[in-house]
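Participant: The signal peptide annotation in Swiss-Prot covers 1-21. Swiss-Prot lists 23-220 with the feature domain 'GH16'. Per Swiss-Prot, site 'Important for catalytic activity' is recorded for ASP108. According to Swiss-Prot, the xyloglucan binding site annotation covers GLU110, GLN123, THR124, ASN125, ASN133, ARG134, GLU135, ASP199, TRP200, GLY204, ARG279, on the basis of similarity to another entry. Marked as active site, proton donor by Swiss-Prot: GLU110. Residues or ranges marked as N-linked glycosylation site in Swiss-Prot (evidence: sequence analysis): ASN114. Among the features that Swiss-Prot reports, disulfide bond is placed at CYS228-CYS237, CYS274-CYS287.
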Amino acid sequence: MGRLSSTLCLTFLILATVAFGVPPKKSINVPFGRNYFPTWAFDHIKYLNGGSEVHLVLDKYTGTGFQSKGSYLFGHFSMHIKMVAGDSAGTVTAFYLSSQNSEHDEIDFEFLGNRTGQPYILQTNVFTGGAGNREQRINLWFDPSKDYHSYSVLWNMYQIVFFVDDVPIRVFKNSKDVGVKFPFNQPMKIYSSLWNADDWATRGGLEKTNWEKAPFVASYRGFHVDGCEASVNAKFCETQGKRWWDQKEFQDLDANQYKRLKWVRKRYTIYNYCTDRVRFPVPPPECRRDRDI
C-alpha cells in the first residue's frame, strides 16, 4: 500500500507539472541588506524582523526608494509586496529594472493606487534603447493590499515575462529579426520606490492624493536576487546558456501558460498599446509575436 501511495503521489506531481507549466524557481528569503540599499529619504524606510521585511513610507514631504547593489544581465527577479491599503489614490509603488545611460533599457511594474473600494491598476512597460511607449494595464484579480503577493520578471535572451504569483501577465519576445530592439547587452540594476504621482496616476490625474490618509506604507519581503551579476560596462553574461533561466523550458511559454495569459488578457486587461489604433494605426511588429493582437 505504501509503494502504491508513493507511486500515485509521484504521478500526481508529474501531471500537475504538465498541467500548470514550469514555474520560475522560488526565491530564497534573505535580509534586505544582502542585495539592496536605500537611495533617498533614508528615514522613510523602516526595517523589521532583522531586515527580512521593509516598509516604504510616503507622506506629504517625500516618498522613498531603494536599489540593488549589483547590476545584472538576465535572470529571475522577484519581490513580495503588500501594497498601500485603503485610499491610495495618487500613489505609485514601482518595482523595475533599468540600465544607467541615455539609451537605457527598462522593465517596469508600476502599481497605481486608487480610491477605497476601487481596484489597483498594474501598469507594465518595456524600454529598449531609450524608447518605451509600450504600456499595458490590468486590474488585479485580488486586493494587493491585503497580503503579500509575488511580482517577478524572467529575462533571458529569448523573452521577458512578467509574472504575478507565477501567472504570466505579459510577454515581450526577442524580435530583433523584425527590427525591434531587445535588452541584451546593458546590465540593469533593480529599483523600487513609493512616491506621489497624483498628476497622472489615478484617472489621469483627476483623483488627487488625500494627505489626511498619510502616511502611506508599502511592505516588502523576499530580497533574493537570482541573476547574472555583471559590471555596468559588461556586454555579455559569462554564464550565458548555463543558468536555469536559459534552458529550453524557459525560452517560451508552454500551452498552459499561454492559456493563463489569455485569461488575463480577456478578463483583466484594460489597456494594451498593441490594440490602440489611435496611437499606433499600424500595430508595432512585436505585438503579433507576443500574441497581443
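Yeah, the Cβs are placed from backbone N, Cα and C, and that goes for glycine too.
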Participant: Work through the binding-site residues one by one (THR124, ASN133) and point out the residue whose CB has the fewest other CB atoms within 10 angstroms.
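Facilitator: Across THR124, ASN133, these binding-site residues, the one with fewest Cβ atoms within 10 Å is ASN133.
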Participant: To the nearest whole angstrom, what is the C-alpha distance linking THR124 (xyloglucan binding site) and ASP108 (site 'Important for catalytic activity')?
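Facilitator: About 5 Å separates the two Cα atoms.
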Participant: Going by Cα-Cα distance, pick out whichever of the recorded positions ASN114, CYS228, CYS237 is nearest to ARG279 (xyloglucan binding site).
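Facilitator: The smallest Cα gap between ARG279 (xyloglucan binding site) and any of the recorded positions is with ASN114.
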Participant: Within 10 Å of CYS274 (disulfide bond) by C-alpha distance: pick out those among the binding-site residues GLU110, GLU135, TRP200, and say none if nothing qualifies.
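Facilitator: Of everything listed, what lies within 10 Å of CYS274 (disulfide bond) (Cα to Cα) is GLU135.
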Participant: May I ask which of the binding-site residues ASN133, GLU135, TRP200 is closest to ASN114 (N-linked glycosylation site) if we compare their C-alpha atoms?
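Facilitator: Comparing Cα positions, the candidate nearest ASN114 (N-linked glycosylation site) turns out to be TRP200.
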Participant: Expressed to the nearest Å, what is the distance separating ASP108 (site 'Important for catalytic activity') and ASN133 (xyloglucan binding site) at their Cα atoms?
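Facilitator: Rounded to a whole number, the Cα-Cα distance is 12 Å.
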Participant: Could you check which of the disulfide-bonded residues (CYS228, CYS237, CYS287) sits closest to GLU110 (xyloglucan binding site), going Cα to Cα?
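Facilitator: Spatially nearest to GLU110 (xyloglucan binding site) by Cα position is CYS287.
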